[in-house]
Each structure stands twice: as C-alpha cells, then as structure tokens.
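Asks: The structure under discussion is supplied below as structure tokens; questions concerning it will follow.
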Amino acid sequence: MTTVVRLDNVRKEYGDTTALAGVSLEVRSGEAVAVMGPSGCGKSTLLNMIAGLDRPTSGSVHVHDEDLGRLNETKLALFRRHRIGMIFQFFNLLDDLPALDNVALAAQLTGSRVDTARQRALELLDELGIADRRNVYPAALSGGERQRVAVARALMNRPGLLLADEPTGALDSRAGEQVMDLLLDLNQIGQTLVIVTHDERLATRCASRVVSLADGRVAGERALERA
Amino acid sequence: MSAVWRAARAGVRRRRVQTFVIGLVVLLSTTTIVVALALLAATSAPFERSFARQAGPHAIAVFDPAVVSPDQWAGLASPGVAAAAGPFSAVTLQPAERVGPGPRGPVTVVGRADPGGPVDRLDLWQGRWPAAPGEIVLNEPVHELFQDPGTITLDGTAYTIVGRAHALSGSADAWMTPAQVTALGPDAVQMLYRFTGDVSTTTAVEARLADATAGLPTGALEAAQPYQVVRDRIAADVAVYVPFLGSFGVLGLVVGIVIVGNVVSGAVVSGYRHIGILKALGFTPRQVVAVYLLMVSVPAAVGCLLGTAAGSFAAQPLLRDGFQGMGLDPGVGVDVWSLLAGLVGVPATVVLAALVPALRAHRLSAAEAISAGSAPRLGRATRVQHRLAGLRVPRAVSLGLGLPFARPGRTAFTVVAVLLGVTTVTFATGLTDTLVRVSAIEERSDGQVAVQPSNGLIRLTPDGVPPPAGPPVTTSRTDAEVSDLLRGLPSAARVAALYRLPVTAVGQTEALDVNFMRGDYATMGLADELTAGRWMAGPGETVVPSELMRERGLALGDRITLRLGGAQRDLTVVGTLMDGPNGPPGILADWAVLDGLDPGRVVPPHEVRYQVQLVDGGDVAAYVRAVQAADPGLDAWDTAQVSDMLLTLVGFSSTLALLLSAVAALGVFNTVMLNVRERRRDLGTLKSIGMTPRQVVTMVLASTLVVGVAGGVLGIPLGMLAHRVIMPATAGASQVALPAAVLSVWQLPTLVLLALAGVVIALLGALVPARGAARLTIASVLHNE
C-alpha cells in the first residue's frame, strides 16, 4: 500500500501555545485512521495540516507525495480541490444554496459545466439516500441530512483522501449511526479516511487504526479489527 | 470604570478596522457636508449676509453742503432710522490717465476718520487707514491679482495709497482723513442710513429716506442710492454660480448622510452576535445600546471634529474662487451653521443611524441577537443564488453576483451612494465638456489674434498681462490699410474688422449697439454661436445676442429699423446668438449697412477691432510679433486664454466629483468589509473545498459589480438630467442662451466611460476587503465558528 499522508516531526505554535510538538505520522492508501485525544491535544490542528488549511511552524507534511510546505496559497487551494475532501462537525454548508448546489459547487469551482456538476451531485445525493432533498436549503435539513450533503460535497471531486473533523459531534445518535455507516462503506470501497473524533464508537466502528494524541504529541497507536 | 465603558472600549479595540472605517467615513462625509452646506449657504443670499456683516447702508444720501448747515444735522429728527453714519464730506477728483488697473473716470473721495462705525463698516483688508494728509485708501474688493503702484494722482496731486478697504455699498471710491477732504473743498456731504421696518423695495427705502430727511431744507438732497442697486448688480454675477454650487451642495449633503447612515447602522447590525453575548453575560438591554452607541461615537466624534476642520479648510478656496472679485469677500466664508452641522448635525445623524438598529437589538433576546448576527436571511437571496448557480459563468462570479441580495437594505444604500457618485461625475463631465465647447466657440469667433490700433492714450493687453512700457504710439494707417496689412502678413487666413457704434433704432427707447463687421467674419465661427434661427444671408439681415433679444423684446423675423444721420435701413432678425462679439451685447450687421447709412463716414482705426485667424498650424506668437514689428501703433495679442469662470467651475466640479466619488467608494469599502466579515464562515468553507485566492477576490469584486452597474445605470441619466436642467438655468442667470451643440455632449464613448465610473468606484472600494477575504486563514475562521 502506498503512503498517502506522511508527517515528519510537525510542530505548530500559536504564539506561546504549542498545538503540535513534533508529530510524525503515516497514513497508507485505503486506511481509515482515527485520531483521538482529549480537547486541546492538537487533533484538529493535525487535520488542518493534512488538509493544507494551515501551515506547520516546522517539520514537513506530504500528501500524495506533495510537500504542502512548498505550495503557495493558490496551489494549496488546487490541492484541496482535487486531492482532499473535508467533512466538518458543523457541516459548513452555504445557507443560501440548496443541497444540490452545495454539492455541485465543489465541481463548479474546477470549471465543470453546471449541468455536468449538478448531474454528478444528484448521483451522489442519490447514493447517500437524500436525492429527494436536493432542492431543500440547509436550514430545513436535519443534522444527519446536512452531514450527508457535506459528505457528498467532499466526495464530489473524487478525492484520494477524506478528512473528517468530528463528523458525528453535532448529530444525534441515530444520525451519527448513519454517518458512521456511510464512512465505513466509503472506506470499504477503498476510500482513505482520517477521522478526528472523541467518539470511541465511531473510531472502533470505522477506523482500522487509532492514533492517540496528548499535549501535541503522538501518545500511542493501535490497530483495530473491524467487525 | 463602568462595565459599559469597558465593553465599549474593548469593542473599539477589537474592531480596529471597523472603528477606523467609521472614523474615516464620518471624516470624509463631514468634510463633504460642511463643504456642501457652505456652498449652499454661500449661494443663499450672499449679498444679504455680507451686507448685514458690514452693516451696509439701506440708503446713501448725498447732500449739498451749501444748503445744509452743520447745526441742521445735529437737530435732525430720525424717525425710522435704526442707525446712521455721517455726515461725511465728499469730493470728486479726476484721476490722471492710468496704465493698468485702478479707478478710471471721476473718483468720489470721502473723508472718514475710521473704517468702523454703526453703518458701512469697511473691510480694511490691506494696509492701514489714512492718518495724515497725502494718504489715501482705495475701495477695492479683496484680490490677489495685481500689485498696484503705491501712489495715485488725483487732480494733479499724488497721494500715497496706504491701504485698501472694501465697502460693499460702494459708498465711496476712496477715503482720506476728514481734514484732507475739507482742505480739498468738499462738493457734497454724505449720510449713510440703516432703517427699521420694511426696506424690501426701492420705493420703501425712498419713503423712509424721505421721512429721515424731512427736516432738511428743500433741495438739500442731491442724490440717493438705495441698496437694491448694488444688490441687483451683485446678484446677477453670483447667479452664475448658484445652480452649480447648489446642485453640488445637495449631492454632497445626501451622499454624506447616506454613507454615514449606512456605515454606522451596518456596524451595529454586524455586531448583533456580540450584542447577544453581552446580553447573555448580564448586560441590560439599555447597557447594550449604550455600549454600541459608545463604540460608534468614539471614532465618529474624532471624524466629525477632523471633518469639520477639513471641510472648513476645503470650502475656503472654492468660495474664494467663486466669489472673489464680486465684492462679497471676505464675507464669503464657511458660516457658523455649516460648522455646527459638522460638529452637531453629523454626530446626531451618527447616533440616530446607530440607534435604530441598536433599539432593534434592544428588543431581541440574547439567543435571537446571536443568531441574527450570524445567520444570513433566507428568502429572496436564496432564490437569486439558485438562479445564478445555473448561469454559464465561472462559479466564483455567479456566487458573487448573488451576495448583494443577502442584505438588500445595505445594498440599496450602497447603490444610492455609488449612484450619487456617478451622478456627480456625469454632471461634472457634462459641465466641463459644455464649458470647454462654449470656450472653444468663443475663442473661434474672437479669432486667434486680436488687433486693436492704439488711441495714443492707453495700450490694450489681454487680462493679467501688464502693458508694454513707454508711451503708446498711434498708427498712421487707415482702417482699410490696417486690414490690408493684417491680411498680408504671413500665416493670415481670415481677417475681420468689427466697429461698434450705438445707433438709434426706430421704436426703441434706447440706442442699439451695432457691431458692423467686414471681411471674413461669416466664416470665423460666430455662426457656431447660433442658438436659434440661421446666419445672415445678406446685408438686410441681422443676428442678435440672446441677452439683447430678451432685453428688447425681439423675436425671430422682427424688423429693426436703424437710423443714422438722415438715413434709415431695415434689418430682419434671422438668428439668435449665444452672446456675440466681446463687449456689451450688440446686434451684428454687415459693414455695407454702415456704408449705406452714412456713406461719407471715416472710421478711425483705433475704434475698430480686428480679428485674425491663421492658416492651420500658423504660429500665433510669430504673427503677433510680426504685427507689432510692422506697426508699433497696433496692439496685438493671442486671444487664447482660459477664462477664470471656466477654471473656477471646472475646479469646483472636479474637486466635488472627486470628493463624492471617494466617499462613495468608502461606502462600498465598508459594505464589502461588513459582508466579508459576516460571511467569514462561508469564505472559509469555500476555500476549504478549493476556492483559490483569485477566485475569492473575483467573487467579492463580482458582488460589487451589481452595485457599480446599478449605480452607474441609474446615476448616468440623473447626471444627464442635472446637466440638461442646470446648464440652461446657469446660462439664463447669465442672460444668455446656449447653442444646442454645447448641450449635446453625450456621445456613446463618454457614456460607456461614465458607466464604467460606477464600476470603478465600486471595484476600488471593494478591492482591499476582497484581498483581505482572500487572505483569510481557513483554519482560524472555521475554528472560530
């Protein structure tokens, strides 16, 4: 299996605060890695580094053999557009676009024609079971539906790596279960996943490996046998 | 320190950019408002204000000193007289022929001990008051153009000019000490009166003067001048500027208020989330309102103070340029009400603009306030975005085009600001174009070179150019020989001769000035001045300046019968001119008419003015030198010079258009900044899914494109309308009509450029916040959410 993500001694400091204190980590293709740890241990910062949303103070981040530290803002944007899919705890959907256009947006930014983008978005919404909600605005969707829309958007450009930041954190247990199933299904068809979560159930259900963080360092790793 | 103050201070510190923008917007708006109000105030009864400031006399009465004794003044009853000054002895002296500016013709010198007093308080704007024999102060409005000689010769005696003062009333041409005037043998005694009660009409003033002088012997009052004489003369001069200054003033006022309202209310609306948090912390609704009023008041107060000072400073040159030389300076300045408007009115507008949304926040619960501050409104904006999503344009553009609909109120205010900016730019462009066209027509019709044979007494030069040294010589050539000389010099293409002569017109109470013209005058550009009718087809026809048409009640097709000596000639009015040749308005007639009326008349060359147009590329300076070399008795000069009025009006319009455009751009800047702040989460999301910095900038700029295009599309017709209404009104105030050609200034390229003005204003205002949006750090934005 090829290495999709490689972090070498990554440090991130915000003023006097150290969020990451020398993290080294590898994620291989097809893996589902859960990053766990207490609040403030640096989980989200780690995810931001992999997604190219933030830059390390020192160390290097390679994703798909791309050294993110060498990319300017435009190239980072293009990297995110083509290589990364992001799922957020609070969905981060655009409130003034209906579900279909929220999903299609990711492809339209690449220059896809509107009808092509909408067709692909509709297929994804259909696969995720919410095609009938395509013209509904986020405010009128349930939490689970919003997160499915967010997942569809993340998958729109067929990314090699899917990153999820507390994807079930804002959902009730039933919706959380649905999202877990969805992520599991995705991984089982070969989608590489990095999930940041507090949720042990999510980790054990979806991840093949758990990386524990504490005080900005990797405190441990364990492989999981999935049911 | 109270919690309110602490929270407000923290808010100001936290929102440094917004605080700065509020301060800057209020500063620029206050500057605009103070300038606008000062212009409006200056154009509103400027004479009355200056006259009141000088305590100008409602009547100047001149008495015969031989009839009225000093005892009679002392015992004179004064019914209806509020204040009086005098009696002042006056003497009329003859000046020597002067070179350059200064009094020509008889000079009325009044003996006054000082320039103050209850009536006719003079502005001694240069030097000092006469204190000894041989000293004199001249009555001149404030000016900077000329450096007069230090002496003036009157009745053969040289007097030292020790100062210059200005009496708006025109009560004297010069002043000396009373003893000096007494020594010169006064020929009149002057009294200056201010009356109580109605002085609105000449009749009323004359009636009050009659009451005031009823106790004097019959025949004592030699002459009297009611103040309306001076007022009407000045009103005609000022009226030229009133429509311009008034329109710019109103535009400035509206733009200033709209922008301040938009920026301040936007600041409060964008702070709803913060308001909700304050409420959740235990701040009472009243305290929350106080926090926000304080937060906007601090930068606004600084902006108001600096803006009032800047406005006062900026208005001075505009007012001085507009009114200098009209006799109103230095009374024309920024009035106290304009300053008060800046210092009190603008802060009140700021507080009001902040109060309305703050009171809405006052009524909201903490939770509602928090969600109102972060959740975009659904409804029309979502429908617009959905439709735009289907457009075949880059997604960043279609997303941007939909953004203005999320805050329709804020967008509407911004559109209005851009609209008014474009209106101003359009009006200023049209105004400049029209004035340049008028100037070009006048220059063409005056010829490139003017030639005037000297009369042996004075030399003629263009405005502002000192005459040559040495006594003038006269030409030995006849009128016809001068024409031949000018036509024969190198580069001469067309030569016309113009002889102005008052001629009796049958059926008219006053003689008509007739410009008899000879040579190539028909092809030298006067025809471009036609505002109605057509050019003369033969000697039996005339064209008449519009001012004269109005004064004499003439119409196209009327016949004018000129009578000179025993002969008569009929002329048919076939056209109306803008203002005709230089000088007092006179009808145009071919020289053949003069020959017919008075065949034996010998016209002295110094009474003829010659106009010369050169071949294309002809060297005007070389031609002028050639004329002077050929005949030193001929004064010749280049007529090309930009008029003071043209410079002043173009200066006004350019300055104000620039100022209002800057304010409008700042309004856009603020709107975009607020929109970006409110959409930080969306921007972070878009960037997280791959929107590049360039796409972010494109999206934000596209959002202002709607504002710019709407402002441009609506502002251009408004500006054109203002131009169409105000230009003829201004011309009418100057007693002239304008040719259609000078009003038809709108060509497609100009309109396209003006339409771009709205877009440019909007894009300039949006560029900085757009770049800021592109630089947002995604992680921090999404983390903070």
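Here the Cβ of each residue, glycine as well, is placed from N, Cα and C on the backbone.
Annotations for this protein, taken from TrEMBL, read as follows:
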type     : residues  : note
DOMAIN   : B:247-364 : domain 'ABC3 transporter permease C-terminal'
DOMAIN   : B:411-629 : domain 'MacB-like periplasmic core'
DOMAIN   : B:656-777 : domain 'ABC3 transporter permease C-terminal'
TRANSMEM : B:20-42   : transmembrane segment
TRANSMEM : B:240-269 : transmembrane segment
TRANSMEM : B:290-316 : transmembrane segment
TRANSMEM : B:336-356 : transmembrane segment
TRANSMEM : B:412-431 : transmembrane segment
TRANSMEM : B:656-676 : transmembrane segment
TRANSMEM : B:696-726 : transmembrane segment
TRANSMEM : B:746-768 : transmembrane segment
Asks: Any chance you could find the range in B:20-42, B:290-316, B:336-356, B:696-726 with the most Cβ pairs under 8 Å to the transmembrane segment (B:656-676)?
Replies: B:20-42
Asks: Based on Cβ pairs under 8 Å, which of the stretches B:20-42, B:290-316, B:696-726, B:746-768 lies most in contact with the transmembrane segment (B:336-356)?
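Replies: Per the Cβ under 8 Å count, B:290-316.
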Asks: Can you name the far-off residues of the same chain, 6+ from the ends of the transmembrane segment (B:746-768), with a Cβ under 8 Å from a Cβ of it?
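Replies: Sequence-distant neighbours of the transmembrane segment (B:746-768): 418-419, 421-422, 425-426, 429-430, 433, 661, 664-669, 671-672, 700-701, 703-705, 707-713, 715-716, 719-720.
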Asks: What residues elsewhere in the chain lie close to the transmembrane segment (B:290-316), defined as a C-beta under 8 angstroms and at least 6 residues from its ends?
Replies: 4-5, 7-8, 11-12, 15, 19-20, 22-35, 38-39, 264, 267-268, 271, 275, 278, 283, 333-334, 338-339, 342-343, 346-347, 350-351, 354-355, 358, 361, 655, 659
Asks: Where does the mean pLDDT land for the domain 'ABC3 transporter permease C-terminal' (B:656-777)?
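Replies: For the domain 'ABC3 transporter permease C-terminal' (B:656-777), the model's average pLDDT rounds to 86.
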Asks: For the domain 'ABC3 transporter permease C-terminal' (B:656-777), what are the DSSP-based totals of helix, strand and coil residues?
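Replies: Its residues divide into 104 helix, 0 strand, 18 coil.
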